[in-house]
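The next block holds one structure in the form of structure tokens; read it before the comments.
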Amino acid sequence: MLTFMASDSEEEVCDERTSLMSAESPTSRSCQDSRPGPEDGENTAQWRSQENEDDCEEDPDHYACSGVPGRPSGLEEELTLKYGAKHVIMLFVPVTLCMIVVVATIKSVRFYTEKNGQLIYTPFTEDTPSVGQRLLNSVLNTLIMISVIVVMTIFLVVLYKYRCYKFIHGWLIMSSLMLLFLFTYIYLGEVFKTYNVAMDYPTLFLAVWNFGAVGMVCIHWKGPLVLQQAYLIVISALMALVFIKYLPEWSAWVILGAISVYDLVAVLCPKGPLRMLVETAQERNEPIFPALIYSSAMVWTVGMAKLDPSSQGALQLPYDPEMEEDSYDSFGEPSYPEAFEAPQPGYPGEEPEEEEERGVKLGLGDFIFYSVLVGKAAATGNGDWSTTLACFIAILIGLCLTLLLLAVFKKALPALPISITFGLIFYFSTDNLVRPFMDTLASHQLYI
């Protein structure tokens, strides 16, 4: 699920935050500059009369200085055009990188294409000549897998509802530890074995320790935004490789179709688990855990930086019921409105604060299942690049359409259904129609 977000915290921009990320959005005119000074007594009456005459002309900065909780529609369209294309590209790049890492690993490392085991969530084997029995086993595996996902999601919602934050943080930290240390060790070992690279165990352990420790700090505490994004991409790729290796072929395709339907229900249904998680977070005015979300802008949570004493005079927008449905982030985090500066006395040489950068958020589960689809196409598509490329393009087209619908409806949308549907259609049509057609043309030495 994804959406645009304005900010992730009700706090103003802090000194430590600006050291981690440079704001790229234009600065707004300060309130002091827009008001007449004490020495402009003769111009005060003229300024007030012009204010009455220019009621029809809407100045975006007037809202920021007066604290009026609203913006003209023209400014909203301008912001959509301004931030839309930029952040669509910023979302396409990590999705593409994650899928490239998975496909490159599948094509080069045989370990992830060898079938020597199954997950405990898919106990039914598909090693049977009967097509009906194989289809039945894949459906049963899918039911078990989706049931586990639903139960764990509801369990997470219950923990969050009863404020078991330490348990949730411990759960996420243990998962990150396993991915960044154990799975990275296995991955590096197989890569070194494939390319015949000699490596002693102390050096390997030291490299894995440094990699994992930096990742834990960046994901669960604080660090540069680019480094945090890189670690989230690596985690998604490692998890996708595990699914590709241990999910049976037919079960993988059925699970991909079922998980897209579940994503649709969980996000849009009023009693969906993710929607309930979002509503609880909005009631408490709290952010969702950043370890579950990829953000194209800084995900700023409480405790990551100290408050600047000079930023205590900010006024927040009042609660708006219509804004509640349109402020969900990619994994259920509320996107809080921007803070408006309260009018304060002007001081010479005072610089206006920079506006916080907007961004797009996408759940890590979307990264994982995008990569699973492309990786399965690369592993089971008889090594044909046309099938892999078709699935890759289909996912990007679906993601682009989802972002387009996001801009139209201005509400949170699930990111899996359109992309996964296009990917499945492109995979089976290319593998069963396009590839045989190309093979026939090549056998007759005909080129188009």
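One-based numbering along the chain as shown.
The backbone N, Cα and C atoms fix where each Cβ goes, and this holds for glycine too.
If you check Swiss-Prot, you get these features:
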- Ser22: phosphoserine (MOD_RES)
- Ser25: phosphoserine (MOD_RES)
- Ser30: phosphoserine (MOD_RES)
- 88-106: transmembrane segment (TRANSMEM)
- 107-138: topological domain 'Lumenal' (TOPO_DOM)
- 139-159: transmembrane segment (TRANSMEM)
- 167-187: transmembrane segment (TRANSMEM)
- 188-200: topological domain 'Lumenal' (TOPO_DOM)
- 201-221: transmembrane segment (TRANSMEM)
- 224-244: transmembrane segment (TRANSMEM)
- 245-249: topological domain 'Lumenal' (TOPO_DOM)
- 250-270: transmembrane segment (TRANSMEM)
- 359-379: transmembrane segment (TRANSMEM)
- 380-388: topological domain 'Lumenal' (TOPO_DOM)
- 389-409: transmembrane segment (TRANSMEM)
- 414-434: intramembrane segment (INTRAMEM)
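Here the transmembrane segment (250-270) touches the transmembrane segment (139-159). Their Cβ atoms form 3 or more pairs under 8 Å, with each pair 6 or more residues apart.
The transmembrane segment (359-379) is in contact with the transmembrane segment (88-106), judged by 3+ CB-CB distances under 8 Å for residue pairs 6 or more apart in sequence. Against the transmembrane segment (167-187), stretch 201-221 shows more Cβ pairs under 8 Å than any other of 139-159, 201-221, 389-409. Under the criterion of 3 or more C-beta pairs below 8 Å, with sequence separation of 6 or more, the transmembrane segment (389-409) and the transmembrane segment (88-106) qualify as touching. With DSSP states grouped into helix (H, G, I), strand (E, B) and coil, the topological domain 'Lumenal' (245-249) comes out at 3 helix, 0 strand, 2 coil. Within the same chain, residues 121-124, 167-168, 248, 251, 254-255, 258-259, 262, 266, 273-274, 276-277, 280 sit at least 6 positions outside the transmembrane segment (139-159) and bring their C-beta atoms closer than 8 Å to a C-beta of that stretch. Sequence-distant contacts of the topological domain 'Lumenal' (188-200), counting only residues of its own chain at least 6 positions beyond either end whose CB sits under 8 Å from a CB of the stretch, comprise 105, 108-112, 207-208. Restricting the average to the topological domain 'Lumenal' (107-138) gives a pLDDT of 89. Taken through DSSP, the topological domain 'Lumenal' (107-138) splits into 13 helix, 0 strand, 19 coil. Under 8 Å from some Cβ of the transmembrane segment (201-221) lie the Cβ atoms of residues 169, 172-173, 176-177, 180-181, 184-185, 188-189, 192, 227-228, 231-232, 234-235, 290-291, 304, all in the same chain and six or more residues away from its ends. For the topological domain 'Lumenal' (245-249), the residues of the chain that approach it from at least six positions outside its boundaries are 111-115, 117-119, 122, 125-126, 137-138, 141, 255, 372, 376, 380, judged by C-beta separation under 8 angstroms.
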